[in-house]
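**Student:** Below is a structure I'd like to ask you about.
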Amino acid sequence: MATSTSTQPRDTWGSKLGFVMAAAGSAVGLGNIWKFPYTAGESGGGAFVAIYLVFVIFIGFSVMLTEFAIGRKTGLSAVGAFKSTDRRWTFTGVMGVVSGLLIMGFYPVVGGWALAYIFKVGGGLLSAPSAIGDSFGGFISDPIQPIMWMGIYLLMNVVIVMRGVSGGIEKAGKVLMPLLFVILIIVSVKGLSLPGASAGLKFLFTPDFSKVDSSVVLAALGQAFFSLSLGMGCMMTYGSYLKKKENLVQTTGMVTAMDTGVAILAGIAMFPAMFAFGMEPAAGPGLVFVVVPQLFAEMGGAIGILLALLFFIGLTVAALTSSVSLLEVVVSYLIDEKGMKRSTAVLSASAVMSVLCVFASLSLGGIGPTLFGTGAFDIFDLLTDKIFLAVGGMLVCIFAGWRLSKADLEKEITNNGEVPFPLFGLWYNLVKYIIPVAIAIVAIMGIKSGFDSGKGAIMLLGIGIIAIAGLFSKKF
Ligand code: TRP
């Protein structure tokens, strides 16, 4: 039944730890350290964080387990996994590949900023703390510099993914993830030691539900999906490389916990310091690039510079282990379904991504085409984060719940009954009924409120794209 054109035996992960670290490496990235803090800041803090956590536990965990199970069961990447079961579902996989391309249309831009900041810190950025904010604004709106850094960053992705899953991705994840964790703890301790820091903790952890509207709820759902790498077949693709004897439930639990832990830690690293410095929590996408250098400048001396260097190295590496997973989704589609050689697949995918990234980067300086008044960077982010990932996750659940057999899923998740999963019934009902309905409600209300902020047209465009893909699903 499988329509895969590749006949070689599938590469698998070198070790259990290797897989967990690679999947956690995919999950932990700019989503946790760059996106989570500024989205929480813009969305009012505590209530957003609380809703996000509820979504992670009830929706994120279940969807990740579903993606791992489907990926490992079919042994195919996003498109093939659906296609081999039912051709009508192929579009869900194709949507995932499109989401991967679109996320990679802005992710490497921010990855490039992180890379650039290693050199900026080395070049004396911290010596003029009051200029750090303006320097960031000037840098990202420059038409040339950020594009250069993006190019270098994307090239690093190409090199890693060329070498294949168990070579490049796995090693990068294993060595560099723990480093980042340690750095974040140091940053947090420093931030918490500043006078007035406790207001930041209060902002982050005391929910004020009067600030919540449907756009905040949709932002929390989008953040949960984005941060956990869900809703586009990424974890499905990683799962397809997973050995049959590994414990899926445990792996899902570990990856979810690590990802959420890092996001919360990033919040603790940033908000107390911001409040101590008297900065605005709603400072937007520049937050980590402004607050963290200021924090280290405050520390002063060689230690401040050294820690800032380590932080941006860690951030770049975290971003890399995530973006290679996005690139891998597109690449494995081209290999499995289009019969391309890995090197051709990597080069063609990254060529498209680099063009999208140029538009995204230029749009931050106000250059280039806009749609309904929104630039490329924001369009790619809105379409994926607010629409495609959540709808993708919903479709994955509907597919698992209504198209696959319950018995097969139970066999896959319990390794033919070898590892018990007492909550199987709960998981199954969540996936079959509750999650699809919950996502539909959040998405519809979020899109409605998107109209009030002028973003509704783009969201509708996203829905239109999905509908068209669905109509032509047999063509893919
Ligand atoms: N989760 C990653 C981050 O937090 C980004 C990412 C990697 C992603 N793979 C994905 C997001 C798949 C959505 C889908 O930075």
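Including glycine, each Cβ sits where the backbone N, Cα and C put it.
If you look up TrEMBL, you'll see 17-34, 46-70, 91-119, 147-165, 177-197, 217-241, 262-283, 303-334, 346-367, 387-405, 426-447, 453-472 marked as transmembrane segment.
Help me picture where these features are in the structure shown.
**Tutor:** Outside the transmembrane segment (17-34), and at least 6 residues removed from its termini, the chain residues within Cβ reach (under 8 Å) are 107, 110-111, 114, 165-166, 169-170, 172-174, 176-177, 180, 184, 223, 226-229, 234-235, 238, 241-243, 246, 251, 254-256, 258-259, 262-263, 266, 285, 287-288, 315, 318-319, 321-325.
Long-range contacts of the transmembrane segment (46-70) within the same chain, counting only residues at least 6 positions beyond its ends with a Cβ under 8 Å from a Cβ of the stretch, are 39-40, 81, 202-209, 211-212, 216-217, 219-221, 223-225, 227-228, 230-231, 233-236, 238-239, 242, 248-249, 251-253, 255-256, 260, 264, 267, 393, 396-397, 399-400, 404, 409, 412-413, 427, 430-431, 434-435, 438-439.
Tertiary neighbourhood of the transmembrane segment (91-119): same-chain residues 30, 34, 77-83, 125, 139-140, 145-154, 157, 231-234, 236, 285, 289, 293, 309, 312-313, 315-316, 319-320, 322-323, 326-327, 329-330, 333, 349, 352-354, 356-357, 359-361, 364, 376-377, 380-381, 383-384, 388-389, 391-392, 395-396, 399, 465-466, 469-470, 472-473, 476, selected by CB-CB distance under 8 Å and a gap of 6+ residues from either end.
Residues 11, 13, 22, 108-109, 111-116, 172, 241, 316, 319-320, 323-324, 327-328, 331, 342-343, 346-347, 350, 353-354, 357-358, 361-362 of the same chain lie 6+ residues outside the transmembrane segment (147-165) yet bring a C-beta within less than 8 angstroms of a C-beta in it.
Sequence-distant contacts of the transmembrane segment (177-197) (same chain, six or more residues past either end, CB-CB distance under 8 Å): 21, 24-25, 28, 33, 262, 265-266, 268-273, 275-277, 292, 295, 298-299, 307, 310-311, 313-315, 317-318, 321.
Sequence-distant contacts of the transmembrane segment (217-241) (same chain, at least 6 residues past either end, Cβ-Cβ under 8 Å): 10-13, 19, 22-23, 26-27, 31-32, 35-36, 39, 42-43, 48, 51-52, 55-56, 59-60, 63-64, 67-72, 74-79, 81, 92-93, 95-97, 99-100, 103, 165-166, 248, 255-256, 259-260, 263, 322, 325-326, 328-329, 332, 384-386, 388-393, 396, 439, 442-443, 445-447, 449-450.
Note on the transmembrane segment (262-283): residues 28, 31-33, 36-38, 40-42, 45, 49, 180-181, 184-185, 187-188, 190-192, 194-201, 203-204, 227, 290-292, 294-295, 298 of its chain, located 6 or more positions outside it, place their CB under 8 angstroms from a CB of the stretch.
Beyond the transmembrane segment (303-334), the same-chain residues lying 6 or more positions past its ends with a Cβ under 8 Å from any Cβ of the stretch are 22, 25-34, 77-80, 93, 96-97, 100-101, 103-104, 107-108, 110-111, 114-115, 117-118, 121-122, 125-126, 153, 156-158, 160-161, 165, 168-169, 172-173, 176-177, 179-180, 183-184, 186-187, 190, 229, 232-234, 237-238, 240, 288, 292-293, 296-297, 340, 342, 344-346, 348-350, 353.
Beyond the transmembrane segment (346-367), the same-chain residues lying 6 or more positions past its ends with a Cβ under 8 Å from any Cβ of the stretch are 101-102, 104-106, 108-109, 112, 140-143, 146-147, 150-151, 154, 157-158, 161-162, 327, 330-331, 334, 340, 375-378, 380.
Under 8 Å from some Cβ of the transmembrane segment (387-405) lie the Cβ atoms of residues 59, 62-63, 66-67, 69-70, 82, 85-86, 89, 92, 95-96, 98-99, 102, 218, 221-222, 225-226, 230-233, 236, 428, 431-433, 435-436, 439-440, 442-443, 447, 459, 462-463, 466, all in the same chain and six or more residues away from its ends.
Panel annotation: around the transmembrane segment (453-472), residues 91, 94-95, 98, 215, 371-374, 379, 382-383, 386-388, 391, 446-447 of the same chain, lying at least six beyond its termini, place a Cβ under 8 Å from a Cβ of the stretch.
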**Student:** May I ask for the residues of the chain that lie six or more residues beyond the transmembrane segment (426-447) and have a Cβ under 8 Å from a Cβ within it?
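**Tutor:** Same-chain contacts beyond the flanks: 58-59, 62-63, 65-66, 214-215, 217-219, 221, 386-387, 390-391, 393-394, 397-398, 400-402, 406, 409-410, 413, 456, 459-460, 463.
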